[in-house]
Amino acid sequence: MGRSASPRGQSLTRAPPAVLLGQARARSTGSRTMGRLVGLSLLGIALALLGERFLVLRNRLKASREVESVDLLNCHLIKGIEAGSEDIDILPNGLAFFSVHPLLSSSETQEGSEKVGDALEESRNTNKIVVRLMRKGLKYPGLHSFAPDNPGGILMMDLKDENPRALELRISRGFNLASFNPHGISTFIDSDDTVYLFVVNHPEFKNTVEIFKFEEEENSLLHLKTIKHELLPSANDIIAVGPAHFYATNDHYFSDPFLKYLETYLNLRWTNVVYYSPEEVKVVAEGFDTANGINISPDKKYIYVADILAHEIHVLEKHPNMNLTQLKVLKLDTLVDNLSIDPSSGDILVGCHPNGQKLFIYDPNNPPSSEVLRIQNILSEKPTVTTVYANNGSVLQGSSVASVYDRKLLIGTLYHRALYCQF
């Protein structure tokens, strides 16, 4: 019998095993090569993305910016505030509240109220002191803290006094002082003249809002309530609008420290403003890079929000249902932290960080600088922006807030000293 034929009449032949093996190896090598090329391509894309994000982050931090000093003549450092006063709020009667972190023992507090010239000399000659003080600031992810066991506190200063001093306010029993880590603060005066103090707190790196009643005769705070809510995962600053009502900023979407770093690095712009009341809690503004300081206009019609890494101040209109709609954005050339209102003019005072990178990578020979801006007529087409104070870190490092009362200016910092000026 003859060989069976293919449908086309052609005989079927089989390649030798060596040829088949070679073909299989070639296909395998080609697959591995393609896989490696794909892997290298993906790695290159990832590295390019990371590099681009790094350059963007440096720009957001203003990592190359230096500041020229703008001095105020009649200033001194405030005794008793050695390691940061992140936020300051002043009542209409001149009583100023400071959130400080941590409270230092008397042995750690330098004697006397040092003049700026003395501080300059100290910072030049005793860097060890500066480092010690710098490393005891607000305990917060990304910021140095080498005194994790030292709690924070609230200080008060009466600006009507000829020589005002910062005094610690006693806090009522039952409140966990050991883990008190205050951040943004705000006061509210009720119709019966009761004064409430709202404090953003980070006990053990968690997030709460504490409400206190201020008892002036006893120089004390009565703790009323601790607020925790899933819509407040990373609270930063607060503005009280009622006895149990407030707006608060979240400077991150996540509460986990690693996810916070990733969120910041990728610039996800997921941070927001939340309105809280006993009846409802809701997000009222979102899409910020890093929402930070918040305040309200004197007529209570507008909310101001600082977006620190976007170098912006947002003006939002407040509605009867407490929702917010954006009216305008003011762009600046610095990292804007906390916002305060000059009660005599309605101007906004801004505590700023000219170079944010220096906040997180501390060098005693090149410390973080300070800057205070005044913004006039922010609702106009061309607001006026003036530098009130600026320093390269030789006197004041890491300014976070500036508040004014009757031509007296207070400047607080993240983890350094606080300055009192008359002008």
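Keep in mind that glycine also has a Cβ here, set from the backbone N, Cα and C atoms.
Automatic, uncurated: that is what TrEMBL annotation is.
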Query raised in the report: Per TrEMBL, which one of Ile45, Ile171, Ile185, Ile189 shares the Ca(2+) site with Glu86, Asp87, Asn236, Asp237, Asn292, Asp337, Asn338?
Result: Ile185
Report task. Take the Cβ of Asn392 (N-linked glycosylation site) and count every other Cβ within 10 Å, whichever protein chain it belongs to. Result -> 18
Requested in this report: Using C-alpha positions only, work out which of the recorded positions Cys75, His183, Asn392, Cys421 is nearest to Glu86 (Ca(2+) binding site).
Outcome: His183
Query raised in the report: Counting only residues 6+ apart in the same chain, whose Cβ is under 8 Å from the Cβ of Asp87 (Ca(2+) binding site)?
Result: Phe98, Ser99, Pro182, His183, Gly184, Ile185, Asp237, Asn338, Ser400, Val401, Gly412
Report summary line: Here the recorded positions are Asn236, Asn292, Asp337, Asn392, and the Cα closest to that of Cys75 (disulfide bond) is found at Asn392
